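A short write-up of the structure that comes next.
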Amino acid sequence: MEQAAGCHAVGGSYPQKNAEILSSQYGINLFLAGLLLTFAWAVHAVGISKSHLLSYLITLMLIQLLWMLWYLCRSCTQRRLIRDKDTHAGARWLKCGITLFAVITLILDSFKIGYYIDFSNCLSPTEGIFPVTHAVHTILQVYFLWCHAKDVIQSFKTLERFGVIHSVFTNLLLWTNGVLTESKHQLNEHKERLITLGFGNITIVLDDHAPQCNCTTTTLCSIFSQGIYYLYPFNIEYHILASTMLYVLWKNIGRKVEHHQQNKTPFKFHGITVGMIFGLIVLTSTIAIVVVYLIQIGGSKIKSELALTMFYLHAIFVLALMCTAGIVALLIYRLEDRNLDNSKNPARKLDAELLVGTAAGSWLLSWGSILAIICAQGHPKYTWYNLPYSVLVIIEKYIQNLFIIESIHREQEKVNDDIKTLRIVAISRGSTLSLTPLYKEIYNGRAACDSGDIPCLFKGSICGRENDGAGVAKEETSQDNSLVMHSASDFSLSSRNSVTNNKRRILKNIAAFLFLCNLSLWIPPAFGCRPEYDNGLEEIVFGFEPWIIVVNLAMPFSIFYRMHSAASLFEVNCKT
């Protein structure tokens with residue numbers, strides 16, 4: 001019987017493993033075909049236009065819309081059934097974040113629709129259909145993720161695997177399209193700035209995809225065309241967050257979930273005032289630096305050099321603070337003795353892999369800058385600040401990754417740190433007997449003292465007068481001894497709790513500070529403040545086109561790393 005059951009289990013898992021492999025290969029091929037179309041459009045390949053790329057993306061979005069509608073309808077008909085849920089997936093703060101990005105993405109789609117209307121005489125109809133389809137896709141997808149991100153699918157598993165993986169790679173292709181469009185815009189601005197820095201030996205050829213006709217209303221066209229590129233960073237973050245949430249859903253298909261209570265971890269501002277104040281100072285100063293940088297860069301050679309110097313000095317100071325905070329947090333962890341949670345958790349595993357994987361993007365850029373500084377024959381003064389900046393970027397990500405990954409793997413304390421005392425009142429001879437055993441001791445079914453005089457309190461009875469004379473004296477003596485022992489125990493416990501609470505407070509402030517610092521460091525590259533473009537030294541050493549290719553490939557991962565780190569640090573703050 002056992003052997004038959006084992007064979008049945010193996011036979012049942014075999015087709016599901018095949019479905020997982022087949023669906024992943026389907027998704028990869030879907031992505032590669034779209035990636036090739038995107039690349040062909042970017043390099044102006046013969047016979048490939050933007051309408052071909054948009055048609056492909058519209059088709060993928062429509063297929064995903066059909067699948068989501070089918071899934072929502074089927075879930076509605078089976079709403080009375082008890083479904084397994086992955087409590088670690090689709091946290092509420094993550095859903096709120098993706099909703100915020102989705103709202104800004106809808107504004108971006110409305111700008112694209114307005115842009116199409118103004119240039120409708122010379123634009124393909126697909127450029128008008130795409131933002132409409134994308135807006136519908138965004139609304140339904142956010143609703144789907146709010147309602148079903150935690151689902152552990154146990155029926156129609158093969159079909160659902162293909163539907164979910166299709167959604168994952170559709171979002172990745174939309175992310176790629178957004179990254180490429182935004183990068184081409186940044187590259188055109190970068191080419192124009194290089195002349196002001198004195199790099200006249202670099203050939204300037206603008207990559208223009210602008211419509212070949214006049215706008216019907218010039219003012220609106222200018223607002224739409226400029227506004228679109230300021231909104232792209234939010235659209236990019238929206239799609240990458242959606243793809244990660246959908247990937248966790250895909251990994252959870254057919255998974256056996258351990259049914260245990262997941263502690264809620266609400267975010268509280270209490271106790272993180274210091275970290276928030278320093279973090280907000282960094283955030284405010286970063287916004288000011290970005291504004292000044294974008295105004296000064298490209299104005300003249302002196303202004304551009306001052307803007308680069310200002311950026312590097314500010315970034316060096318912030319990164320040094322972040323390194324110090326991360327080292328302090330790791331030292332606190334070394335002083336604590338707490339086990340790591342090694343249970344199977346797709347969401348947590350993906351978080352750790354994304355942190356290390358996306359950090360590689362900025363590490364690549366930093367090593368490129370270090371090599372350029374070492375190998376270059378001439379060094380403008382501002383380029384020397386790039387050396388400590390690049391080294392600190394490598395070290396800071398190394399320390400921060402270690403802190404975040406250890407934090408999300410640490411087991412939460414089973415007993416609240418603000419350990420309370422339970423007072424059991426027993427009426428004996430008209431007096432009140434107050435004892436204070438710990439919650440943990442009561443839970444384990446034993447009193448705080450081992451004297452043997454108190455256990456009857458925990459058996460649901462009240463110890464009354466059993467004897468007179470010597471018995472009363474013995475009871476009073478036992479009571480006095482118990483109170484002395486509990487006073488000493490409470491004092492020791494209070495001391496330990498004070499140390500633990502101080503450590504927690506420091507860790508929460510560090511997490512809050514790093515959270516705001518990562519948001520601050522996300523802003524400059526997301527909104528066009530990219531010294532890797534404007535420095536100029538790397539283009540001379542590696543060549544203009546090779547370095548630009550490296551930057552365009554690595555920068556999206558570097559930008560995503562900061563937002564993903566901020567999200568992970570928010571979770572760390574809630575759990576600490």
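Placed from the backbone N, Cα and C atoms, the Cβ positions cover glycine too.
The transmembrane segment feature in TrEMBL is assigned to 26-47 (among others). A Cβ distance under 8 Å defines the sequence-distant neighbours of the transmembrane segment (26-47), meaning residues of its chain 6+ beyond its ends; these are 53, 56-57, 60, 162, 165-166, 168-170, 172-173, 176-177, 180, 184.
Sequence annotations record features per position, and here TrEMBL assigns transmembrane segment to 53-72 (among others).
TrEMBL lists 93-117 (among others) with the feature transmembrane segment. Outside the transmembrane segment (93-117), and at least 6 residues removed from its termini, the chain residues within Cβ reach (under 8 Å) are 123, 127-128, 130-132, 134-135, 138-139, 141-142, 145-146, 149, 216, 220-221, 224-225, 227-228, 231-232, 234-235, 237-238, 241-242, 245, 267, 567, 570-571, 574.
The transmembrane segment annotation in TrEMBL covers 129-146 (among others).
Sequence annotations record features per position, and here TrEMBL assigns transmembrane segment to 158-176 (among others).
Look at TrEMBL and you will find 229-250 (among others) tagged as transmembrane segment. Cβ atoms under 8 Å from those of the transmembrane segment (229-250) belong to residues 23, 86, 89-90, 94, 97-98, 100-102, 104-105, 107-108, 111, 138, 141, 145, 148-149, 151, 153, 161, 164-165, 167-169, 171-172, 174-175, 178-179, 181-182, 185, 346-347, 350, 354, 526-527, 556, 559-560, 563 of the same chain, restricted to positions at least 6 beyond its ends.
Per TrEMBL, transmembrane segment is recorded for 271-295 (among others).
According to TrEMBL, the feature transmembrane segment maps to 311-333 (among others). Sequence-distant contacts of the transmembrane segment (311-333) (same chain, at least 6 residues past either end, Cβ-Cβ under 8 Å): 278, 282, 285-286, 289, 293, 382, 385-386, 388-389, 392-393, 395-396, 399-400, 402-403, 406, 410, 503, 506-507, 510-511, 513-514, 517, 520-521, 524, 529, 531.
Taken from TrEMBL, the feature transmembrane segment applies to 354-374 (among others).
Annotated transmembrane segment per TrEMBL: 386-405 (among others), in sequence order. Residues 312, 315-316, 319-320, 322-323, 326-327, 329-330, 333, 351-352, 355-356, 359, 362-363, 365-367, 369-370, 373, 514, 531, 535, 537, 561, 565, 568-569, 572 of the same chain sit 6 or more residues outside the transmembrane segment (386-405) yet have a Cβ under 8 Å from a Cβ within it.
Summarising the annotation, TrEMBL assigns transmembrane segment to 506-528 (among others). Non-local neighbours of the transmembrane segment (506-528) in the same chain are 186, 189, 230, 233, 271-276, 278-280, 282-283, 286-287, 289-290, 293-294, 311, 315, 318, 321-322, 325-326, 328-329, 332, 400, 403, 407, 555, 558-559, 562-563, 565-566, 569-570, 572-573, 576; each lies 6+ residues outside the stretch with a CB under 8 Å from one of its CB atoms.
Per TrEMBL, transmembrane segment is recorded for 540-561 (among others). Among residues of the same chain six or more beyond the transmembrane segment (540-561), those with a C-beta under 8 A of the stretch's C-beta atoms are 175, 179, 183, 187, 199, 202-203, 233, 236-237, 240, 354-355, 357-362, 364-365, 368, 371-372, 375-376, 397, 522, 525-526, 530, 532-533.
With a cut-off of 8 Å between Cβ atoms, the residues of this chain six or more beyond the transmembrane segment (53-72) that come close are 30, 33-34, 37-38, 41, 124, 126-127, 129-130, 133-134, 136-137, 140-141, 144, 147-148, 160, 163, 166-167, 170, 173-174, 177. Long-range contacts of the transmembrane segment (354-374) within its own chain (CB-CB distance under 8 A, at least 6 residues past either end) are made by residues 244, 383-384, 386-387, 389-391, 393-394, 397, 401, 404-405, 532, 535, 537-538, 540-542, 547, 550-551, 553-558, 560-561, 564-565, 568.
The list of residues near the transmembrane segment (129-146) in space but at least 6 beyond its ends in sequence, with Cβ under 8 angstroms from a Cβ of it, reads 54, 57-58, 61-62, 64-65, 68-69, 71-72, 90, 95, 98-99, 102, 105-106, 109-110, 112-113, 116, 167, 174, 238, 242, 245-246. Residues 15-16, 19-20, 22-24, 26-28, 30-31, 34-35, 38, 57, 60-61, 63-64, 67-68, 70-71, 134, 141, 236, 239-240, 242-243, 246-247, 249-250, 253, 556 of the same chain, all 6+ positions outside the transmembrane segment (158-176), place their C-beta atoms under 8 angstroms from a C-beta of that stretch.
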